[in-house]
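To keep things clear, I will list the structure first and then write my remarks on it.
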Amino acid sequence: MPSNKSVSDAPIVQFTNCRILRDHQLQREDLWVREGKILDPEKLFFDEKGSADVQLDCKDSIIAPGFIDVQINGGFGVDFSLATDDFKSGIDLVSQKILSHGVTSFCPTLVTSPPSVYHQVLPQISVRNGGAHGAGILGAHLEGPFISKEKKGAHPEHCLRTFEAGAFQDLLATYGSLDCVQIVTLAPEMRRSSEVIQELTKRGICVSLGHSVANLSQAEEAVQHGATFITHLFNAMLPFHHRDPGIVGLLTSDKIPAGRRVFYGMISDGIHTNPAALRIAHRAHPKGLVLVTDAIAGMGLAPGRHTLGQQVVEIDGLNTYIAGTKTLSGSVATMDTCVRHFQEATGCSVETALEAASLHPAQLLGIEHKKGTLNYDSDADFLMLNDNLYVQATYIAGEEVWRQDASGM
């Protein structure tokens, strides 16, 4: 096949002396990149008779797909659930700062808020590719306000809503627009939730079950109508009970439609979920586990008082509480920390830990053909890590966007 001249003229970078995560295994081979994509070296050699323009020695690093965080409420003093005049500069700051933690794409997440906040904030979130300016934005994750009062967690009760006669129209009126929305978390036991789930799914929006008192049959019905995700498993839902395991039971349910996989988010920070619970979930349904940070504005900041939407929260070490209570309110753990804790707590392979933060979220969002893997023709968003899974460098579209300097910063 004749090669495309404009493509073949673009510089080719060959990353050597590395172990690449491909097909669920670390493989000792080189990584080839051109025009922001992973290149198939066989096609290059045999079809184009080409070779590398630049060779980079990776010094035996692991090369893994960039991390994808589908639930992050903010960080570094920025709260995505606050309608501020400089919201865009806030989202830019977070997308820049999370590069050092290996995140190359994310879903800015809004907790339960008044309609006015959604109407102001959502038009300011636009799907965009990542680059030197920061991680790519895949679309918003709207967590609430259609959730259970009993399991509201850190969500303000006065902003919670139910589906009335209009059902889907109620949701549209609340959010104002679904143009940039990628995920909606709702409680499936709410009246008329089935039709809402179907309407959202029809529009290509991922429906997640969370902040809910649903029993297993209600959760199974929601999955049959199109729901594919569980928001922070174990947190803000009925605890597992052997006669009715609730939403948790979806991990081993035999009522999931053929060919469908249910994914579930886990905040692997050592605070939100006991390591034993993390191990139980992982062993029950390893291919569905998606690591999320659920990070709040206080991530990356000193302990003290910060915000989460309409609430004031206090940070004490890795614990974050609604001020004056012991109600957990998001996390201050970074994604690379969650990956390392997950691997340590479960004893899983390095490959499994890395895929829980890359391949699985990409599969959840249906973008695994371009993100979350290092397959040929996929986006060259990847990380260099050492054997202890500390990020050494972050690349987006084949360009280095962050590197740890000699001082370890």
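Numbering starts at 1 and runs along the chain as it is shown here.
Each Cβ is built from the backbone N, Cα and C atoms, and glycine gets one as well.
The domain 'Amidohydrolase-related' feature in TrEMBL is assigned to 62-401.
Taking Cβ-Cβ distances under 8 Å and a sequence separation of 6 or more, the neighbours of His232 (Zn(2+) binding site) in its chain are Gln71, Gly210, Gly265, Met266, Ile267, His272, Val292, Asp294. Annotation source TrEMBL lists Zn(2+) binding site at Glu143, His211, His232.
A C-beta separation below 8 Å, combined with a sequence spacing of at least six in one chain, links Ser329 (substrate binding site) to Gly153, Ala154, Ile296, Leu308, Gln311, Val313, Thr320, Tyr321, Ile322. Marked as substrate binding site by TrEMBL: Ala154, Asn235, Ala236, Arg243, His272, Leu328, Ser329, Gly330.
The active site, proton donor/acceptor feature in TrEMBL is assigned to Asp294. Neighbour count (other Cβ atoms within 10 Å of the Cβ, all protein chains): 29 for Asp294 (active site, proton donor/acceptor).
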Between Gly330 (substrate binding site) and Glu143 (Zn(2+) binding site): CA-CA distance (Å): 12
Alpha-carbon spacing, Asn235 (substrate binding site) to His211 (Zn(2+) binding site), which is rounded to whole Å: 8
In the chain carrying Ala236 (substrate binding site), residues 6 or more apart in sequence that have Cβ under 8 angstroms from it: Lys151, Lys152, Gly153, Gly210, His211, Ser212
Cβ neighbour count (within 10 Å, all chains shown) around Asn235 (substrate binding site): 18
Around the Cβ of Arg243 (substrate binding site), the count of other Cβ atoms that are within 10 Å: 6
Substrate site span - longest C-alpha distance across Ala154, Asn235, Ala236, Arg243, His272, Leu328, Ser329, Gly330, in Å: 30
Segment-level pLDDT (mean, integer) for the domain 'Amidohydrolase-related' (62-401): 96
